[in-house]
Amino acid sequence: MERRRITSARRSYASETVVRGLGPSRQLGTMPRFSLSRMTPPLPARVDFSLAGALNAGFKETRASERAEMMELNDRFASYIEKVRFLEQQNKALAAELNQLRAKEPTKLADVYQAELRELRLRLDQLTANSARLEVERDNFAQDLGTLRQKLQDETNLRLEAENNLAAYRQEADEATLARVDLERKVESLEEEIQFLRKIYEEEVRELREQLAQQQVHVEMDVAKPDLTAALREIRTQYEAVATSNMQETEEWYRSKFADLTDAASRNAELLRQAKHEANDYRRQLQALTCDLESLRGTNESLERQMREQEERHARESASYQEALARLEEEGQSLKEEMARHLQEYQDLLNVKLALDIEIATYRKLLEGEENRITIPVQTFSNLQIRETSLDTKSVSEGHLKRNIVVKTVEMRDGEVIKDSKQEHKDVVM
């Protein structure tokens, strides 16, 4: 490298004028692009050897300063080359990573998101269908429950009516029982009356017989004995006929009353038995309907509990799906932001690379110019054109870059600026 520096220093003599013409504000580290206008200096007709010593001294001084400047430039150039290589490697790595992200990850993530979204939508549709089915079943059960409640109300009304009828039948049975007891008491009183009348009749008959016997004895004693046997027989026959007719009438009246009371009691007993049978049937039906109602209430409570659980589970799953969707959207947004950041970094690296390429090209032009002017004698430059190029880079879609290029040209003569022009190229796609 030292040998290269010395050789480069020996080859060029006019670089001092170039560097001095740039001035302290135009250091080469700012990387402007220089273009030197072609000059044709006038050749002297004679060579004045009296100036050789002064020229040799100036030449040595110039060569020393040129060597120092060239060594510094070579060091800076080497460091820039290494930096460019490092940045190119990083650029390649980032470009490969960016291409990989563009080629694979978005598609894979999009497929994953689409699959998860399809699955979540499918599960949401299933849950919606299940919820609708459960609502229909709930409505059906509610309708069945209303029907059963109406039936229960009807059966309750029938039971109340049967209980009212049973109470009426019981009252009638009680009245019939009271009537039967009254009739039995009347029958007993009539039997007692018959017995009393019979005793009275027998007593009267006995007294009459005694009277007849006394009259017969008295008659036999006083007068002649009349024919009283026939009269007595007739009287006895009359009394026996009257007593027999009274007994028959009393027995017939008793039998008719007893038959009527027996028929009424049997009818009332049959009605009571039917009422008891109907009450037992109603009681069994009421028990069965009560059991059915309790079973339906339990089924309704179970279905309502299942429906609430389904609604709560549906709400939880919907909330989890919404959270998953929000999380996926956040991840997608973060990935987009990360990709945008990578693109921005890649753009910044491209800008740095472009600036370094411009700087390298500037150094290459300088070195080539120095090597091409190795055979030109020492002269002063009367004209110097300085061209500066600035870039404003914009990123466009689909991986292309759009830049604004500004070219500034400064023409100098004898250290004075005689022309300053500026040209701008907008939206140049690269």
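Along the chain as shown, the residues are counted starting at 1.
Cβ coordinates are placed from backbone N, Cα and C, and glycine is handled just like the others.
Pulled from Swiss-Prot:
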type    : residues : note
MOD_RES : THR7     : phosphothreonine
MOD_RES : ARG11    : omega-N-methylarginine
MOD_RES : SER12    : phosphoserine
MOD_RES : ARG33    : citrulline
MOD_RES : SER35    : phosphoserine
MOD_RES : THR40    : phosphothreonine
MOD_RES : THR107   : phosphothreonine
MOD_RES : THR147   : phosphothreonine
MOD_RES : SER266   : phosphoserine
MOD_RES : SER320   : phosphoserine
MOD_RES : THR380   : phosphothreonine
MOD_RES : ARG403   : citrulline
REGION  : 1-69     : region 'Head'
REGION  : 70-101   : region 'Coil 1A'
REGION  : 102-112  : region 'Linker 1'
REGION  : 113-211  : region 'Coil 1B'
REGION  : 212-227  : region 'Linker 12'
REGION  : 228-249  : region 'Coil 2A'
REGION  : 254-374  : region 'Coil 2B'
REGION  : 375-430  : region 'Tail'
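When each of the listed stretches 70-101, 228-249, 254-374 is scored by C-beta pairs under 8 angstroms to the region 'Coil 1B' (113-211), 254-374 comes out highest. Cα-Cα distance from SER266 (phosphoserine) to SER320 (phosphoserine): 79 Å (rounded to the nearest whole number). Counting residue by residue with DSSP, the region 'Coil 2B' (254-374) contains 119 helix, 0 strand, 2 coil.
Here the Cα atom of SER320 (phosphoserine) is found 40 Å from that of THR147 (phosphothreonine). The region 'Tail' (375-430) scores a mean pLDDT of 51 in the predicted structure. Under DSSP, the residues of the region 'Coil 1A' (70-101) split into helix, strand and coil as follows: 32 helix, 0 strand, 0 coil.
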